[in-house]
Structures are given as structure tokens and as C-alpha cells.
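The block underneath contains the structure these notes are about, expressed in C-alpha cells.
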There are 2 protein chains.
Amino acid sequence: MSVKANVIDISQRSGISTAPLDGSEKVYVRGSRDDIRVPFREIKLTDTPNRTPGLPGTPNAPVLVYDTSGIYTDPLVEIDIEKGLPAIRADWITDRNDTEQLSAFSSQFTRDQDEKAFDIPLFSHRRLPRRAKPGKNVTQMHYARRGIITPEMEYIAIRESMGRAAMHDAGTLPDGNASHITAEYVRQEVAEGRAIIPANINHPEAEPMIIGRNFLVKINANIGNSATTSSIEEEVEKMVWSTRWGGDTVMDLSTGKHIHQTREWIIRNSPVPIGTVPLYQALEKVKGVAEDLSWEVFRDTLIEQAEQGVSYFTIHAGVRLAHIPLSVDRITGIVSRGGSIMAAWCLAHHQESFLYTHFEEICEIMKAYDVSFSLGDGLRPGCQADANDAAQFAELRTLGELTEIAWRHDVQVMVEGPGHVPMHKIKENMDLQLDVCKEAPFYTLGPLVTDIAPGYDHITSGIGAAMIGWFGTAMLCYVTPKEHLGLPNKDDVKTGIITYKIAAHAADLAKGHPGAQVRDDAISKARFEFRWEDQFNLGLDPDTARAFHDETLPQPKAKEAHFCSMCGPKFCSMKISHDVKQAFDEKSAEFKAAGSKIYQEV
Amino acid sequence: MSVKANVIDISQRSGISTAPLDGSEKVYVRGSRDDIRVPFREIKLTDTPNRTPGLPGTPNAPVLVYDTSGIYTDPLVEIDIEKGLPAIRADWITDRNDTEQLSAFSSQFTRDQDEKAFDIPLFSHRRLPRRAKPGKNVTQMHYARRGIITPEMEYIAIRESMGRAAMHDAGTLPDGNASHITAEYVRQEVAEGRAIIPANINHPEAEPMIIGRNFLVKINANIGNSATTSSIEEEVEKMVWSTRWGGDTVMDLSTGKHIHQTREWIIRNSPVPIGTVPLYQALEKVKGVAEDLSWEVFRDTLIEQAEQGVSYFTIHAGVRLAHIPLSVDRITGIVSRGGSIMAAWCLAHHQESFLYTHFEEICEIMKAYDVSFSLGDGLRPGCQADANDAAQFAELRTLGELTEIAWRHDVQVMVEGPGHVPMHKIKENMDLQLDVCKEAPFYTLGPLVTDIAPGYDHITSGIGAAMIGWFGTAMLCYVTPKEHLGLPNKDDVKTGIITYKIAAHAADLAKGHPGAQVRDDAISKARFEFRWEDQFNLGLDPDTARAFHDETLPQPKAKEAHFCSMCGPKFCSMKISHDVKQAFDEKSAEFKAAGSKIYQEV
């Protein structure tokens, strides 16, 4: 049986990457109702060859892995970005009977946009937005605290249980209760604020996922349109490409033209939650003049984006007027865009930040759509010297206060973290965050453990990301090789994502998550048994692994060879090690046959 | 003043990479005698621009960095690989009056080779070997324990003090005693066995360096000729390329043809100590049949290589017969080539390893040339599942015993470590090694913190390397992206080295080494001040940083721009942050002028 039976050629449907990864097949695990169908990537493995030529080998069970790529990698589904993805959560949302579809968009900006003509294609299957009925709170945290297990929670329980690289035995598919990750456990974690489910009711296309330190560590990829006008297809492809390689969420950080229209295309086609920094668009609306920002412009932007379906907002409400003096003697000042914008506003008006003073009103908006907070770290350090300083930690304490305010509204919260931090100062960040933010999930950018490697900051930050993930960070925001230097291209995005999948998985291993090591064990067994194709396919990036192997040994036969180009047959430790094992087994048999005398006589 | 005044065009002299890195100049710091001239790379910086246009800027002191590249990056020196490098240590060695030049090579193999004809060019300026006079011990440890400070130790003290990225003030060059790294301190560390100076008396061309956890963390790059015959020039260039980017030592792991002759070319042209695994060549001599190995063949190989100038030998003497059963139930068995060869030998003969039984005789050879032990970890784990198991730790304890035996001979020792280890099990490795090996330097391969990313194992291992470096590992053996898949090309070697320079430097920062952060601070200041050229040149890889920047903004003016392509001028946090700082300074002035009332009234 060929491992490629269900795999179509790698191809691009109208510029969008589809087709499964090599050796993989999309499978779905059903929950308690028909419309809970949780996707996984099943990696099929070849048999372990029999040492006696001619005899049949021993089958290796396929490995199931968590799959963020949506239906783009399901060859049985036709993709049409003009229509967007199916709204898999639509019934769950309407069944709750606590939301209503509006007859018009609530945001003035959105309504104004609808009057205009654009030189880009518009998404034509746009839905009218939903909002909580008056007096209702529609956050997953609100349900969780009232003891309600939502379909989203059940979906996540299945996804997390099986997605821990569990070996897939076709006969005994767990039903979501096969590990300690039950739907009830998910509910409890969300109720306690230790985890969030970013799931705006206006993004029913998204496949539910959870961010919390007792679940698999997640990664975020940033995308955004650039000055050079790229086509809508390119923008959608950036998102698809990011999720193809493992992005769990995508932040759309666009700052250019047509932000609103581009975002519509992205959200309608995204299988993962989309996050934004609404301040960026608000600043565009006031033509880039920070002091012209106002609560009114910002408020309308929140509503505009909430009604499109953004699932989490970075809000830099922790940059208070009193914190700014703490940052002025730093080597790199304020390196967060949002942070510097708010600092400029505070100083220009000599007033407390409107994000801070209007925080409860923001909560009211969030809970009407179930948008989660990602409390921004506007004062994060931009270099080793500024790490863990007074400005950073003063802001973190404010974020802790804001977390508790949001929780009083049952609004979900995660908290953003640094940045640039040397290894010995990383744990202090995590410990303080857990303490002052009462275990709300931490979401960090790296941190970079040195500043001296521009061009390699996916690596400097991947080191810090793995460590802080182990210490308890729930989601890691990726960094690409172009960080500090320029805009990432498609290869850079992939490199950033794979690096962060490494960091996240290394953290899962170090935390001892049940099942996390199954994939490592499977690939190691394949390696020891010279099952080259399995080794490639079990890797995070089968294409690159295969290409690297073929660079030295391109012949098809080399993929059946019991050695590789590194050492050649004579020096292959794996090959010799097999011989050693066999010799040992024979000695053991002799030993037993001889009456089990002391094996080693000296 | 142009920063490129002393830089000649990047060019290749007869296929060998020469020319300084961009923006850098080779400088030498003199010690107590004229022939102690310690090389550094001085990175020249531009001025901090004055905020008032037209007024002069503020100069930034150049940054001195540790330089492993030898005279290849000194444009004033002519390179001729036919002649080899100057023997800078020759007088120091002869002045000690405890060695003698032999009239012939002691190794039978070497003498046999000299009778043969070869189809490759031979190094024509070969010297006859030196050896300790009868009864003499010529190791740096032997001198150190007798209270002798050698020129090598003084050289290292200067190199380590200044090489901590110290700011270079032309008026106050330290003399080697300006930090706590004095020559006497170096002597003590070597005497105690906490550090080694790999410095074979037959490699007088090498620039002295030290491996110990109270010094800068070092990295090793592996090279080796492959089956496809590469030219001598290519082999030498591999070594030069490795040291150009920061390789502190180079291991020649050749297993193909003409190992002896190629090694001669490499050593005669190498500014860094060369390490080998003599077992590989010994196995070649018995045509690849492990059971045909013998102490006699191995002994002659040690002498052959010692007389050529190899400075450290990996000796897998810890793979004892009794340890082999501990490895048979592993997922990946024995993954060390040396380990698997010795295990095969032990089982075939059902005898204790000849490396173990002849260990004291090996010590006698080592001390006659000052070859250091790198006690091989033949039973290191090859996957996460096998990490920290009984086989690995049984061997480590044996390596501890062997360390003490070597020390009784005043032979220098470092100890090799894993391998594949999840993050939470890394520290146990370091702690146990320090304990059972009595603080002898640890030299690890990674470790890789997950097995699931073939094609990215420089990253999976760079994470573990940074952590174990922080915990106390003295030297990190690099891993390239081709690990597990194929032979690294030149780009892979560079990527591996830069990744490991990141890991080593991150460890130096985390250990709080004095001065280690100077380079981070300088690059961060350059970043904040939009001094793009300085930012590139202060990085580990100026070429890649510049190329990445130019990919998005190729115009020369972009390198003077107060923003970059990532955010553009309107969203540049650095730019806004400068404005914030200025506004704050103005507010502060107002505040003081108004009689210093409470700044923030709310």
C-alpha cells in the first residue's frame, strides 16, 4: 500500500497552497454531535523490515498530529476563497440563543466604507454581523463559569487529547475523554482564566483552539499587507501558508491601504483565530498623527473589527502616563509600536491613556462578540540591557490589574510578554506574570536571548521561546530571520514557523505532556530502522528534510539504504549498533543455554 | 572617516577565504614579550548623529571582539598554504628545553606512507616532529601544577579579557591583567583541571585558546573529507571557512582516502587546535572490520597523529563491555560511531575495551606531545527517549574515573556529552558531569531538545546548547542543518557556526561574564540610533544582515533612514520613542522650571 494513496500532487489552486503534506492524510474525529468533526493529520508509516530477507515486516501504527491547516489540506474539499470557508460554528452560536444578527454594521467606519468604490476586489459573500442580545454575555469564559460545556470546549478536548501526537489505532479512537483533557477540564481551565478560547461569534469559520499552559503550547504567525500592493490572493495565501506549517493563530498587522477589505478576505478564509492591534488601524484613520487619536475613533475601530470576526485584540492599556519616565534612560526606549504610539499620545495630552481610562467600556464591547484581550506589553524591553527593568515590570503589574477587571466582565484575557531577555532572566518574567496576572495565559515574542545576530533572530528568539514555553508560556509569537531588517518573504515565514513549532514542541516535551513524545519516538525508531521516507514525513518539514537528503544521495535506492551519506556504510553507527544488538541477543541466548552463569567474568 | 578604510575587497586567494569581515580591522595586543601578539577584530563604529542638523555627532568607541580567524583576515599578511602558517609558538616550546626534535617519525604507518607515491599534492614544508625528552612531561597542566605561567597562558589571559567584547579605548589597552582573567588565573584553572589548553607541541602554528567554564564558551566545527574526492585546497578552505565565522577548534573527522596527507595540510594551515577521533583512522587501517582492531594499530595511530600536531583526541574508553547490555533496549541503540565500533569489538572478542585496559599507556603518549583527552561519550543518547538512561550515565561515571587517571599523569582532559536530551533533563547532565568528572570541562553535541525536525537540527540543538552552556558546558560542538540527512555544504557549515556562536554568546550573557554584554549594548544602541551599517557590522554575520536589509530597501539612502521596511516611517516605534524621549526631556525641563511640583497630578 502506497503511503501516497490519498495525496494529490502539490499544487496551488488559484495561488492558494493546498494538498496535504507528504505522507499525510486528513482525518476527522467525531464528537458527541455530528457537526463536531475534529481534524487531524495522520502520518502513515511503512513496516519495520524483517531482518530475514523475504519475511514480512512489522507494521508501524500511523501517527496522528494536531492539524492547524484547515480544509486546505483536505483533497476531498474544493476551496473557493470567493465564498470563504464553511461556517462550522454557526449552529453552535445560534443554538445558544443569546445573540442576534444585526440589520446593519454598528461601526460608522464600516458603513462609510460601504459607500465607497475600491480598486480591489471585495469579498462578496459578506454576512451581517451578530452581537450579543442586550444584557447577554457571549464569552466562552461566561459559559464556562456558569458550568456550560460548549461544543467549542468539547472540540478542543478531542483536539488536544489526540493532537498530542497520539498513536492512532483505528479501532480505538478516543472520544475526547481518553486522556485527562476532557471537555469538563477545558471548561474548568477557561472558567479559572488559565486558558482562553479565542472565538469571536463573527468568525464561525474558525476551528476552535485553546491557549493555556496546561494545553499544547501554541504559536502565532504575523502577517500584514505591505506598502507594495499585493493582491488579495497573496494576502489570503500568507494566512493559508502560515497555518499550513503550523500557525495556531494569525495576527493581521496590516498598516497599509484597504486594511478593512483585506481583513474581510482573510477572516472569511481563515481556519484559525485572527488577532489584530486595533490601534494600528485607528492611527491610519487619523492619518498617522498619534496625538489626534481619541477614544471615539478607537471605540469605533474595536466595533468595526469585532463585527468582522477578529478573535483577539492587542490592547496596550498598560502604558500609563506614570510609566513613561521609567523608559527614557533605556538603550532602546520603547520598541513596541503600540506602546510608543500610546506614550506619544499620553505625553502630547499630558493625560492618562484613554485605553486605561476606558478599559471597562472596552470590556463591554469584548463580551458582546467574545473578543479576547491580548493585553499588550507596550514597554517590553528591546535589548538585553533593558530586560526586566522597572518600566517593563510596572506595566506588567498594571496588566495584572486589568486582567482582574476584564475577568469581572467574564472577558477572556491573555497577557503579552517580551521581547529581548538573557536566559538567566527569563524565568523571572514567567513567575512574575503568573503571580500578578493570576495565571492568565502568557503570550510572548521570543524572547531573544542575545542582540548580536541580526539575520538569525528566529534562532536567538527560538531559544528563549522554548525556555519560556517550558516555564509556562501558553503561546509563542514567531520571529522570522528578517526581524530588525526587513519584511519576511514566504520562505522566511516558513522558517519562522518551523522554528517556533520546534520551540513549542520542545516545551511540550519538557513539561511532560502526555503523548508529546510519541512523535519523537516514532521518528527516532524510523531513523534507527533506516525508514527514510517515514523519517522525512514525521518531521515538521518533510519537503526540506527530503531535499537535504537528496542533495547528497539523490538515487531512489538511497532511501532504502541502511546508511546515509554522512558516515557511509562502514562507519554507520546505526548499522553497527544493529549488529551489536544482534550479537548481544545471540550471546544472551548462549548465556541462557549455558545455564545463566555470570555474563561478564572479569 | 570611512569604516571601510582598511578593508580590502572580499576575495579568495587561491580558493581560500581571506579579507576581514565588513567594517572590521585586525588588531593585535602585545603581551610581556614581543612574540606574544594576541589578535582581535576591531569593529569600527560611526558617530551618533546630532539631533540638531549640521552639528557634529558623538563618536562611538570601536568594539573589540575575540577573533578565531587567524591571519587569513589580516590584509597585511600574505597567505601561502603551500608553506603553512608561521610557527608562532616555536620559540616558546624550544625555550622550555624539555622537548627534542626527532630524526624520524615514530609511527610505523607514517614511515610507510613516506615510501608511497600519491596522486594528491603533498605538503612540502613538513617539519620533523618534536617529543618530550625522556622522562619529561610537556603538558600545559604539568607546567600549571608546577606554578609555571607559560606564554600560552599569558596569551590566553589577554585574549579572554579583551575578547569579552570589551570596548576598545586606544589609550588604555589592558595588559592581560585588566580583568579577573589574569595569566595566573589561567594557570590555576588549568592546574585544577577546570580548563584545558589544547596545544600539541607539534602544532606551533595554533593561536593559544582555552576551554573551561570560567572562560568564554567555545564552539567546535567538524570537517572531513568525503568519498567524493575534494581537492586539498577545498579541505583547507573548509577549516579556514569554519574559523572565519568563529569556530574555536576544528575536528577533522575524515574517513576517506589520504587522511594522513590531508590532515597535514589542514594542521599546517590551521590557526585553531585540531581534534580527531583516532579510532576512525585506525578502522580504515584494518579495512573497516571492527573486530580486527588492536591496541597496536591504535597505538601507532595515536603516535602518528600526535606527531602531526593533533591537539585533542576523542577516545571512547568509557564504552566498557559491561555497559553494552544497558544499550540494547534503547530506541536508537548506540549512535556514536566510535561507541558502536568499540561495542562491536568488545562483543566480538568478549573482552574489555582495549582503550580502557591500555588507558595509562595512552596517557604516556598524550603527555609526550601535550595532546588533550576528549573522553568520548560512545553511549550518548540518540533520541529523547534514550536521554539520561543507565547506559549513558554508567559511561559518564567511567569517564569520571578515567579523568582522575589522566590527571595523575598531568594530562589535560575534557569530557564529551550528549546528544539528544529534552530541556528538563539537560541540567542533570551538567550537574552529574561536574560531580563525577570533578569539574573537568564538558564538551557537548547540542543537545537536541526534540527529534522531530530533520533539516532544522542546528536549531533543535542550538536551544539545548545555549542552555547547557549556561549551566556550565565549556565547548559546544556544532550541528548543521544537514544533521541526520547528508553532508553539510559551505552554507550549512556557516549556518551551524553562527547558530552555535549565538548559543555560546547567549550562555556567556546568562553566566554574567564581565563585558559579554558590551557587544549587545553596542548593537542595540546602533539600532535605536538607526546606524544601519554599524548594526550590520556588529552582528555575527554582517553579510547576511546587510543582504536581508537590502532585499526590501536596496537604496543606499535607506541605510541612513530613520525607519525600516518593517513598519515604515509612520509606525516606527524607535522613531516615535525618540520623540517621546525628547518630549519627556522637555516636560522635565518645564517641570523643573516650574519648581518641581508633582509631575503626574492624577
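Each residue, glycine too, has its Cβ placed from N, Cα and C.
Predicted automatically and left uncurated, TrEMBL annotations should be read as such.
For the substrate site, TrEMBL gives B:MET251, B:TYR280, B:HIS316, B:SER336, B:ARG337, B:GLY338, B:ASP377, B:GLY378, B:LEU379, B:ARG380, B:GLU416, B:TYR443; the one candidate out of B:ASN214, B:ASN222, B:ASN225, B:ASN489 that the record lists there too is B:ASN222.
Listed binding-site residues B:ASN222, B:TYR280, B:ARG380, B:TYR443, B:HIS484 compared with chain A at a CB cut-off under 8 A give B:TYR280, B:HIS484 as the close ones. Annotation note: B:GLY338 (substrate binding site) sits in a helical segment as assigned by DSSP. The Cβ of B:TYR443 (substrate binding site) lies under 8 Å from the Cβ of B:ILE211, B:ASN220, B:SER374, B:MET414, B:VAL415, B:GLU416, B:GLY417, B:THR473, B:ALA474, B:MET475, B:LEU476, B:CYS477, each of these being in the same chain and 6 or more residues away along the sequence. B:HIS420 (Zn(2+) binding site) sits 12 Å from B:SER336 (substrate binding site), taking the Cα positions as reference. In this structure, B:ARG380 (substrate binding site) belongs to neither helix nor strand by DSSP; it is coil.
For the domain 'ThiC-associated' (B:21-100), the DSSP-based tally of helix, strand and coil residues reads 10 helix, 22 strand, 48 coil. Over all protein chains present, the Cβ of B:TYR280 (substrate binding site) has 22 other Cβ atoms lying within 10 Å.
In this structure, of the binding-site residues B:ARG380, B:HIS420, B:HIS484, the smallest number of CB atoms within 10 A of the CB marks B:HIS484. In this structure, B:ASN222 is the one among the binding-site residues B:ASN222, B:SER336 with the smallest number of other Cβ atoms inside 10 Å of its Cβ.
Cβ neighbours within 10 Å of B:GLY378 (substrate binding site), excluding its own Cβ and spanning all shown chains: 33.
When pLDDT values are averaged over the domain 'ThiC-associated' (B:21-100), the model yields 95. Across the residues annotated as binding substrate (B:ASN222, B:MET251, B:TYR280, B:HIS316, B:SER336, B:ARG337, B:GLY338, B:ASP377, B:GLY378, B:LEU379, B:ARG380, B:GLU416, B:TYR443), the two Cα atoms farthest apart lie 20 Å from each other.
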